[in-house]
Amino acid sequence: KESAAAKFERQHMDPSPSSASSSNYCNQMMQSRNLTQDRCKPVNTFVHESLADVQAVCFQKNVICKNGQSNCYQSNSAMHITDCRESGNSKYPNCVYKTTQAEKHIIVACEGNPYVPVHFDASV
């Protein structure tokens, strides 16, 4: 079974995107990372930083997660991210996404030993 840490990497890590600037980026990535297998995942964020930099966030500013848990952390610096949001004309299995690039601080939930990101909570 895929570990929570490996699932985070599959769903959210893209350190050196070849085509993040393309409007088709989300359509391609959501499909290739299996985020449209049994439904169209409505919203997903990809982070274009090294895995080490994202894992380091687990030791940065401790914040409360959206669900009320206390194991979320906010990055000290803004990171290059791409937000993928399902567009109105999207219908499974033909999932269609809008691609939006941004520079924002990320908030991730961390757990385990080693202590690593397992959930992308928000960007601010």
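Each Cβ is built from the backbone N, Cα and C atoms, and glycine gets one as well.
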Exercise. Do you know which of C40, C58 Swiss-Prot records in a disulfide with C95?
Worked result: C40
For this session: Measure from the CA atom of C72 (disulfide bond) to the CA atom of C110 (disulfide bond) and give the result in Å, rounded to a whole number.
Result: 6
Exercise. What residues, ordered by sequence, lie under 8 A Cβ-to-Cβ from C58 (disulfide bond) and sit at least six positions away in the same chain?
Worked result: Y73, V108, C110, Y115, V116, P117
For this session: Determine, to the nearest whole angstrom, how far the Cα atom of H119 (active site, proton donor) is from the Cα atom of C40 (disulfide bond).
Result: 18
